[in-house]
Each structure stands twice: as C-alpha cells, then as structure tokens.
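A short worksheet on the structure shown next.
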Amino acid sequence: MFHLKKINKEKSDYYFMSGFTWLMGYLMIKCEQQKYRMMKIQKLYLFNLLCCLSTCTGLRGLISLEHKVYILEPMEEGNTHRLYRGEHLKLTQGTCGHGHNISYPTQMTNTTGHKRDAQSSTKHVELIIVADNREYQKQGKDVEKVKQRLAEIANYVDKFYRSLNIRVALVGLEVWSDGDKCSITQDPFTSLHEFLDWRKLKLLPQRPHDNAQLISGVYFQGTTIGMAPIMSMCTAEQSGGIVMDHSDNPLGAAVTLAHELGHNFGMNHDTPERGCGCRATVDRGGCIMTPSTGYPFPTVFSTCSKKDLAASLEKGVGMCLFNMPEVKVLYGGQKCGNGYVEEGEQCDCGDVEECLNPCCNASTCTLKQEAVCAHGQCCEDCQLKPAGTPCRESSNSCDLPEFCTGADPHCPANVYLHDGNACQGVDGHCYNGICQTHEQQCITLWGQGAKPAPGICFERVNSAGDPYGNCGKDAKGSFAKCEARDAKCGKMQCQGGANRPVIGTNAVSIETNIPLQEGGRILCRGTHVYLGDDMPDPGLVLTGTKCGENMMCINRQCQNISVLGVHDCSAKCSGHGVCNNNMNCHCESLWAPPFCDKAGFGGSMDSGPMRPTDSSGVTVGILVAFLCLLGVGIIVCFKRKTLLSLFFSNKNSTIEKLRKTLRIFFFCKSKKIKPILRPFIFFDIETMIKHDDN
C-alpha cells in the first residue's frame, strides 16, 4: 500500500507514486456530481509501456511495463491505494462463445477500379455500453459506480484499438436499474439474440450508434464469457455482442469486449494452425483474439487479426465508421488533448508529447499562425482543399464517392447506395453498402471456380429442416424448414471449387445427389461448420442476397425489394441519379442535386459537389465565346452610326473610330468569326486611312 501526493504543476493534476517515475498519457472520465477531472501524466522512458488510468474516486487502472502488468486500485478508506501484480487479480477463466475459426479469402470482392485505402483512414466506432440488472446489483445498486466501471472498460478498449487506426468513442451508457429490458439468461446464445433484437427495435431508433455491447452480471453456461456475430459491424441486426463481467477489475471485461468487438470486425481466433505473429508470447498474455482469457492480459493484436480486419474492410464491412462522431454526445465531457475537436477548440492533436500535427498547438488546441485547418482529408498543408476534390473514392459497386466541400476540412460522412439497388450488373442487390450475390458466397465457401447450384438443390436440401438444410432457427431454437419461395435464403448450395470448404478446418462438405426427372443426377454442395449453438451459421445465405427478380433475402424470407423503399426514392432523381442510404439523390456528373433535374456538377447533398474533369478548359471556352459575342454585338449596334459619322465628323475623331472598328474586326477574324460588314466597306475604310496618313 502507498499514498498518493498531489503536485500542482502547469494547472494540471499530477500524482507522484513512491518508487515510480512519470508515466505518459491522458484520461478524462465523468465523475460523481457531473464533475470532470483530468489525469495528466508525463513521459516514462521505457519500452513496451501501456498506461490506462482513471482519477474518479481515487486512482485506478492498468500499468504494463516490459510485459509485466500491475493493477492500481484505491482502498476503501482514506487516500490509500494498492498496487499489485496482475496474476493476483481475481479472474474467472473463460472462452469466447465463438468457439472455432472461420477464415475468409483475402481478395477484395465487388470492387471498382478505384479502391479506398480503408486501412489508412481513421475509423470511429460510436459505441454504447449497456449494463443489465444483474450487473447493477453486482455493483451494489449504485448507478454512478456502474457508469464509472463501464467508462473505464470503454477507455481500455479505445487504447487497444488505436494501434489499428480505430478509435472507440463512447457515445452512451445505459444501466438497467429497474429491470432488464430484454431476456438475459445463462444461455449466452439466447441472450445474445434477445439483446441484438432489443438494440435494433428500441435502442438504435432512439440513439443512433455503430455498435452496442452488453455487460452482464449473469454467469453464462459452460466456459463462455462473451459472444458476438462475426463480420457484423454497422449492421442494424447484428452489430453488437454480450460480455460477462467475470473479473473484479474492469480490465477483464475490457479485454473480452475488445475480443468480441474484433469478431464484429471480422477477426477470427489466433489458433496455432494459423501461424499468427504476436508481439507478446503466450506466457506474456498473447494477443487479444486468443480463444481463452487469463493472466497475463493480452493488450495487442496479432498479424492474423490485422489481416482479417483488412479483408473485412475491403469487402465493405464497417461502412458507417468513416464519419467523425458527434462530439456533443461523447461521454465524459470535453477536454483539450483527447483527440476530438470540441466546442471552443480549433483543433486537437492529443497530448503535447504525442502531437505531430504541424498546424495545431497541442497545449491550447488552437490553430497555428496562418493555418486554416489542422485535421481531415480535405486539409492539406494547413489549408482547405478546393471544392470538388475527391476525398473518399468508392470502395465497391455499392459505395459512392465523396468530395471536399471547400468549407470543411473533413470529408463528408460516408454514403452508399440505398438497400435494394442493383449491383454487379443485375446479378445482385446492395445491402448495407455491400453487393451480396450467391456466386460470391460460393467463392467464399469453396474458393475460386465455385458457383451457385441450380435452384432444385436449394429447394430439395433446404426443405429438410435439419442442420444441413434449413432456413435458420425458429423461436424455439429448432431448425426451420424453408418454404419453396424462400429456398434460396437458406443454406448455401454450390458446385465446383475446392475439394473441401476453404473457410476453416472445422468446416465439412455436405454433398447431396439429386435425381432428375429426365435422368441423371445433380451434385449439390453445402457446408456445415462446427460452431455449436453459439454463433450464426456462416453457411447460410447472407441477408441482402438476390433470390429472384427484384427479390432479396430478408429475415430468411425472399421478399420484394419494394419493402425497402428503393423504387420510391429513385423516382425523385429524374432519371439522372441514384438513391443513397440517406434517401437523397446522388446525381450524374452533369446534373445538380437535390433532384438531378437541373444542370450542375453532380454528387448529392451528402457527398459534396463533384468537379468537372477539365474545369479550366470549360472556363476558357466560355470566356472566348463571350468576348466574341460581345464584339459581334458592338459591330451590329454601331455599324451604321460609324459609317455616317465618317462623313460628318472631323478627321481625327473619324480615324480613331475607324481604328476601334478595325480592332474589333481583326479580333473576330482571328477567332474565325464571319464579319457582319461587307468586305468592300472595310476596303474603303482602309483606303481612307492610308489617304489620311499621306
């Protein structure tokens, strides 16, 4: 045990711990009575340092030095704190509910000639964390204590993901103090689906966000301590997960939440057969996506996780993460140095020691002299890029490009085609910014050369209602038979490809020979992945896949795309544009928003204005045409007046007027404009001028 002594220095709160030098980092968390405090920590010249601390109700958090983890917590009485090794932390050993690996081909699919470098752009996950009633009771029925714990968890997760160029912004906390708002039981599979359904129907319409995670005080059955659907980030149906609060210290739940969030991003487990590279050895915790959790705590991601993330982003997963979060809804209030530009700030590049931005004063969060901007894809050399400059190109056939507005340093929020728009010619429909087709899913399951099986395969196999042919599970957890009209929304049936499924070592081939009336047989190839009952079946046809003419798989049913409103939206675009996910028209290059019925540069109200490919040439052409028309007009207006004044004016004024007329004539002649005046008139004029000069 030891005491902390507060030292006032440069208007910040410093804490000195006996036996420790200064650490580096910033943290601000919302404390009791809506007060805010800042932990300002200096630099420690050691490698492999991770520091994540909170100053609310004492100093608490994680200090990792040279792969050794220390936990810092306040004692119940006085200003006394305790610091202990991580192996002494009370921790429940557990595993992720996603029990096996699923690997996906890494090639980019459904992309256009222009590929967005999704890895280089900072992604922002707008996260809401919910605590169930059992967690509320576990924390002594103290709402503020629960909120503080959840905020600490979010802070850890944000620290973990920064190495992947991902920021996790906590935009909301909810504590179910009066009772659970959906059924949370010891069955993790049922609890996950209940929570995801509640999120879609209740939470998402009221509080827009990208992902929601439930922290539960319930002890799940078996060894499961967390569960989340894979490759589901940004979807309304499955962007979330559940986490058991299995440790006395919030760090345990934070590691599990980061793990489940990784599944949402498309990351798989770091199993031995994958040969993943990890900066931390197994005896030092390994990496975050290791299948089981224990001491030491993992705090880094493996090379496999980074590859999985890159493959998911290239496929269109995470389309909602390219916009900056609304700073007014960030939990914890504002503070210079947190990396977000908030009210009263001109810029924010983080801590003074971390800031590398040449346009921003890190200590004051103000722009440097002559700088107009400091952040964003539309800011270059501290100045705004011109309107129409591309700042985010389309990543696939369902994505739309964005352009700088000329007034904002940030690229407009990412927009994509409205659900139901055709893609890949007419072979697919867009859904959540991804072009879903049976063909691509067969390639994912079986590798190159695979293609969808004939319709009879889907009808026969999926009418069985067993693990190998079904339309998912019903409310009782039993496999549901597919109706004939919904057969192409059940288990995927393919032909060709590799000898066995390529999605993982735990996947097996399910082959069915179906006799044909005209003789012969047809081979149908499905897959079965041994995931238990705790993960959605990756062998099922994906939501949004085309299942007929103007038909799409929605909730395992083949429904008309008209239910999505795509036709009504596209009708207002005057035949010169398409409808985006905000129900606005994205116009072709020669038409202007909002309805593409007037001349313009294209784009939408959301994307920024498109710029013509050669605007300088167009401008010069318009200028030349204007000058020539002006010259012709002058000649027409003054033709007769000039000729008459030739005989009634004094000689000097006559010569001057003639010279002006000749200038107009030769200008138009050089531009190959046919003269209005007859040639003999100009001949007479030239003769008179020569005579006058003599």
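The backbone N, Cα and C atoms fix where each Cβ goes, glycine too.
For 44-63 (among others), the entry in TrEMBL reads transmembrane segment.
The domain 'Peptidase M12B' feature in TrEMBL is assigned to 123-325.
Counting Cβ atoms from all protein chains shown, Glu260 (active site) has 27 others lying within 10 Å of its own Cβ. What TrEMBL lists as active site is Glu260.
Annotated domain 'Disintegrin' per TrEMBL: 333-419, in sequence order.
Listed in sequence order, the residues of the same chain lying 6 or more apart from Cys391 (disulfide bond) and placing their CB within less than 8 Å of its CB are Gln377, Cys378, Lys385, Glu402, Phe403, Cys404, Cys411, Pro412, Gly608. For Cys391-Cys411 (among others), the entry in TrEMBL reads disulfide bond.
Tertiary proximity for the domain 'EGF-like' (565-597) is limited to same-chain residues at least six positions away from its ends with a CB under 8 Å from its CB atoms, namely 400, 415-421, 433, 603-607, 610, 612. According to TrEMBL, the domain 'EGF-like' annotation covers 565-597.
Cβ environment of Cys579 (disulfide bond): Leu417, His418, Asn421, Val566, Cys569, Ser570, Lys572, Cys573, Cys585, His586 lie under 8 Å away, each six or more residues apart in the same chain. When secondary structure is read from DSSP and collapsed to three states, Cys579 (disulfide bond) falls in the strand class. Residues or ranges marked as disulfide bond in TrEMBL: Cys569-Cys579 (among others).
Annotated disulfide bond per TrEMBL: Cys587-Cys596 (among others), in sequence order. Within the same chain, residues at least 6 positions away in sequence whose Cβ sits under 8 Å from that of Cys596 (disulfide bond) are Cys573, Ser574, Gly575, His576, Gly577, Cys585, Cys587, Glu588.
Sequence annotations record features per position, and here TrEMBL assigns transmembrane segment to 617-638 (among others).
For the recorded site, Cys587 (disulfide bond), the DSSP three-state label reads strand. Candidate disulfide-bonded residues: Cys569, Cys587. Fewest other C-beta atoms within 10 angstroms, Cys569. Here the domain 'Disintegrin' (333-419) has, by DSSP, the following mix of helix, strand and coil residues: 0 helix, 16 strand, 71 coil. In three-state terms derived from DSSP, Cys596 (disulfide bond) belongs to neither a helical nor a strand segment and is classed as coil.
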